[in-house]
Each structure stands twice: as C-alpha cells, then as structure tokens.
Amino acid sequence: MTKVWFIAAAAVCLLLSMQRVAEGSVHEYNNVGLAQKGNAYMLYGGSEGLYATSANAQGSGVANGKSYIRFDNSLTFRRTPESVLSFSPKDENTGLVEAIIFEVADMDKIGGRVHDQRAFCCSKDLSKEIGCPENEVIKRASAEDPNWPLAIRVYFQGTELEAKFFFTDVNITKTGMYTLYFITCDDRLSGLVVSGKTMWKNPYGYLPGRMAPLMTFYGFLSLCYLVLGLFWFMQYLRFWKDILQLQNCITVVIALGMVEMAMWYFEYVNFNTTGLRPMGITIWAVTLGAVKKTVSRLLILVVSMGYGVVRPTLGGLTSKVLLLGGTYFLASESLDVVENVGTINDLSGKARLFLVLPVAILDAFFILWIFTSLSKTLEKLQARKQVAKLDLYRKFTNSLAVGVVVAVLWIGYELYFKATDSYSEGWQNAWIISAFWSILTFLLLCVVCALWAPSQNSTRYAYSEDVGEDFDDESAVALTAPNGVGKTVAVDAEKAASKERKPVNTDVFSLDDDVEEDKRE
C-alpha cells in the first residue's frame, strides 16, 4: 500500500507542477493568437457574472461599489511583419481590432447569417443588404440600451507592428453575465497575437459573481464545523477513558472539515481583495478537501463493516479499503486541482468529463460496498440479538439511505440545471450546486457524531468476545435457567456461530467481508 500512496502523491505533484500562477478576475493573455472562425479571427477574452455599479459608489477601495471591466495599458496586439507589406504605405490606419463586450441576453445581437452560415464580420454583400460598416463586426443595438453591445476599436498606425490599448474602464450599469471577445475582420491580420491583461471587478471586490456567495457560505460553514468541534471535544474530554478507536477517526474528520472550510474562506477573501488566486493556499485547500472526502468515505465504510462493533479489526480487508481510499484520493485531487488551481477557461467539457468519470465510478463503488456491508452487519447483530447495537445501526442505515436518495435527486436537478443553462444565465444561483454537497457532507457527519458521541455508555457499542453481550431480557432469563435449558442455549449459540463461518475468500476485488472476522471471533 505504500507504493499506492507514493504513486498518488507523485501524480499530484506532477499535476501541480504543470499549473502556472493561478488567475481569477485578472485575465492574462500571454501572446495568444486569434483563431479563425467563419469570416473572422477571434480570441475569447473571458466571461464573468457582474453586478451593476451601486448608486452610491465612491472611494478607491476594493469594495467601493464600482463594477467595471478594465483594459490595462499593457494590453498589446502584435501583427506579423508580412502583414504590414499588404497595406499601402499611404494608409494611416492599417488594420482594425475590436474588443466586443456583450451581456449574454444580447448575444444574438452579434453577427449575422450568410447562406445559412454564421458570419461575425460585415462583408460587401451584407453591407449592401443590412447597411453594416464593411470589415467591421456586425452588431445590433440592444432594446434596453442602444450603446450595447459595446465595441472598443484599436487601429494599427502606418507600418507599426504593435497597437496598444489605452487605459480604459467599461462601467457596468446592468447586472448580467458579460463576455469579451477580441475580433478582427481583416484577413491581412492573420497571425495576430495578444498580450496583456483585463481586470473584472464587482461592487464588493474581484470575486466573480457566481463565486461571491461562496465566500460567505464557507465562512458560515467554518463556524458550523467549529460549533460541532467544540461539542465533540467537550464530550471527548468528559469521557476520555471510554473513547473508542472509531471516535478518534471521527475527531480527525471534524478537524479536517474545520480546517478545509477555513482555508477556502481565506482563499476567497484573498481572491476578492487582489483578483488573483494564491496558488499556495488554493493547493492546501484542494488537498485538504480531497483528504477529507477520502477519510469521510473510508470512515463510513469501516463503520458499515462493523469495525469496533462486530469485529475488532478489518483483518485482510485493510488492504482493499486502503487501495480504494488511495485511488479515490488520486482521482479527487486530480479533478479538484484542475478545477481550482489556475485558469480553467480552457478546460473543455471532454477534459472535465475525463476527470469526473473516475470520481463518479468510485463513489458508486463506495455506495455499493457500504450498503452491502451494512446489510451483513445488521444480519449479524440480529442473529446475535445485540439489541442496542442493532438499534444504532438501523438509525445509521436509515440516515445513509435518506442521504443517498437526496443526493440522487440533487444530481438529477444539477443535470437539468446545466442542460438548461448553456449560456450561464443562472449564474447567480450556480453557487448552490457546489454548496449543496458541502452541506450534505456536514449533515451526515452530524448524524455520525450524534450516534457515536462519546459517553459513559460508549463501551456498550464496542466489540466484545462475549457473543451475547447485549441480549435482551428474555435471553438473559434463558441464560440463568436450569442446566438443561442453559445447555440448549449454549448449543444454539454454537450453531449460530458456526453458520456465520465461511470459507476464506481470496478475491481482492470481492465485497464479501464476512470471512475476514473468523480469525477474530
């Protein structure tokens, strides 16, 4: 298993080394070329949800109520020397580049159709047909604001190879999802590259609109974990002599959750203040999250197997559990690193699907193994008539079943939300999608804490060599009956124990865990 964890750690380090400095609302373009689409050359400059500038916006701080898209004076367009030769030396303006900004509701105002094909630039035929300026981007005024969509023009002068943007702020007066494209309609400017940056700011800071509620959410959830941790720690100190190994594992999960939520909160605070995502704190938050998700799933799995309740150890199952845990950590860490560390605009749907599928498959395997183990554990407890433990596990099973049903329903809603929101028009509610899973995880953890809270009766649920430790009153009377009856009970107990013993299963991928405890009972 050491090899598994070493491979997982090495792969994660490789992923991290491939990431460049993470950018957020500061969008950087490092000599990126414009690609031909239809009759235009264009580059996607970014897309974010922006709230309108507040009515009483003032001051120079980050949270000053102003909302804008800022074109930094470092933003530069560079053409090839060959393209200069295609212009007349007498021309003053030798090449036009346009920065097009539009709100998603106005996306149909950009471009037109020629012979049933999408065209972004105005050709000679379209110029005669609809009266648009030739060799410029086709745009029609919005019904709400005639100045939008917005086009900012930059011209090359004479034989110069570079054209610079002057420092420009585009004030946002309407809340919406805004998109930026750099477009040129001049074929002679093929090979054009862009370098520099744009800055997108909301009234409260640099956090994109879809992420802003998560900062408050993570702060609130950090406090919830703190309250849960304080309650658990007080009970832990009060009954420290009766603590079970399982309760130590729960303590670790609570601590990981508390630190993870705090890390995400401070990462978002820094992001909101600077517009940049600090790679260090983001990697720590992502890694802690992957560790917590892995440990949480393993905790529920070993509880379902009856660890510390119907079996003292996992025996030969330990290697299987650790193998599954190590694989899940690697898959989860890979997905979270790609989604959170660095710019994710270039991550295609296929690339994300490639990383999401392994996590989804492993989660399904966890659920299958958990409920298979729970079924067997309940059967054992019922056969042994361990009433207190049986009641505890029934409550645990019901809670998990409700959690799985809710999760499946939410997955259906999430698929519907994404399928009907192709252009991110529901960005103001998108944060709920990711927040739900954090809430569900926390609620399940609260259930586990409530069921296995440290108390003076904690050892009542611990594993014991005495098969009849929790017999009900009728069984207790039977055990104290005359010798003949007592022998009958002893024989019945021996038969029940012998029925549970099965041949050893050597299949590493089998979910059958009954055989592993025969060595212990």
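Glycine is no exception: its Cβ is also placed from the backbone N, Cα and C atoms.
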Where TrEMBL places transmembrane segment among the ranges 152-169, 314-331: 314-331
Contact between the transmembrane segment (351-371) and the transmembrane segment (246-266) (3 or more Cβ pairs under 8 Å, separation 6+): no
The transmembrane segment (246-266) vs the transmembrane segment (392-411): 3 or more CB pairs under 8 Å: no
Same-chain residues at least 6 beyond the ends of the transmembrane segment (281-302) whose Cβ lies under 8 Å from its Cβ atoms: 12, 16, 22, 246, 249-250, 252-253, 256-257, 259-260, 263-264, 266-267, 270, 314, 321, 324-325, 328-329, 332-333, 336-337, 340-341, 363, 366, 369-370, 373, 400, 441, 444-445, 448
